[in-house]
Amino acid sequence: MNILNVVRRFEFQLFLVNVIIALFFYFENSAYFSSNNITTIFQYLAEIGIIAIGEAMLMLCGEIDLSPPALANFVPLITLTIYNSIYQAISPTPAIVVSILLSLGLASLIGLMNGLITTKAKVNSLITTVGTLFLFNGIALIYSGGYPESFPYFRFLGGTVSILPVPFIWSLGALVFLILLLHYTKIGVWTIAAGSNPTGASEVGVPVDRVKIINFIIMANIGALVGIIQGSRVLTIGATNFTADVVLEGIAAAVIGGTSLVGGKGSLVGAFLGSVFISELLNGFNILGINAYEFDAILGGAIVVVMVLSYYAKRASYKLKSIATATSSSPEGKDRITKILKFKIQKIYRRVEENE
């Protein structure tokens, strides 16, 4: 890849926008680049960034999940309960590992439920996960009585290394893992195919429902991890730690980063850079004394602009494919399109197998 191709990439352009924003806030207030403020930016970026890349994966296959805040509130309560039940029987460190793994297993079951309702019962994922959001937020409130719980045993997950918060390091690890999953495994191939053309992908052997369920499970685990990591940082957990704002900002970051809401197109790096964009604005506005309401208005405006541009880009793409669409109405046209799609998927399979 030459320099010109790099410059043309949307991710590079978004990176430059983030640099310009950071420099603007620095010239407005030099405290913006202080070590304490950088740590603050990274702390918020860690949470929204993990959610953004998870949502980007799910949006790539044409679905969306609004339930992570509920899982971030509910699952850590279960983690703490398991830890308190077993730490005396085994030493504290193994108890931490076991409690996290078991609670992530619970999160996986919730993700499986979201996936099955969406794919098998044919309920729109937006409706499914709004229901899950209210369901598990309610359970968390009942379970905790509405009171916060102390969460001191997991503090190492939320500490700092120099000016870098440990949660930010976790977010980078999640980004690398999902990039490898998307670009170098069959699950990644299936994810893109399912979002691009679910009917055609199914005809050439892609297990569309299965890959969507897998991505719902991944998203549920991400929501749970965000709750555990944030609880480790502030040393308390509860049913009101997270609101729907965090997932909406994560989705906004994914959209700003170039991920299409209708599936098949997107970038995990772009989603993470979108998280940087939102984190910089939120922190910079706070330093400049701009209130949160104005931030919400500006963020909403940015999302509307991106969505309008995305709509016209999609419309232009449909026009370019009009000939193929017209020919697909005949049996010969359908066979030809199916063969082309099958060839492309098999080509990607070969690339994945070579990397394995």
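Positions of Cβ are set from backbone N, Cα and C atoms, glycine also.
Here is what Swiss-Prot says about this protein:
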- 14-34: transmembrane segment (TRANSMEM)
- 41-61: transmembrane segment (TRANSMEM)
- 70-90: transmembrane segment (TRANSMEM)
- 96-116: transmembrane segment (TRANSMEM)
- 126-146: transmembrane segment (TRANSMEM)
- 161-181: transmembrane segment (TRANSMEM)
- 211-231: transmembrane segment (TRANSMEM)
- 242-262: transmembrane segment (TRANSMEM)
- 266-286: transmembrane segment (TRANSMEM)
- 287-307: transmembrane segment (TRANSMEM)
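The stretch from 96-116, 161-181, 211-231, 266-286 that makes the most Cβ contacts under 8 Å with the transmembrane segment (70-90) is 96-116. Residues 65, 67, 71, 75-76, 78-80, 82-83, 86, 90, 125, 128-129, 132, 136, 153-154, 209, 212-221, 223-225, 228 of the same chain lie 6 or more positions beyond the ends of the transmembrane segment (96-116) yet place their CB under 8 Å from a CB of it. Long-range contacts of the transmembrane segment (161-181) within its own chain (CB-CB distance under 8 A, at least 6 residues past either end) are made by residues 35, 38-39, 42-43, 45-47, 49-50, 53-54, 57, 187-188, 218, 222, 225, 229-230, 232-233, 268-269, 272.
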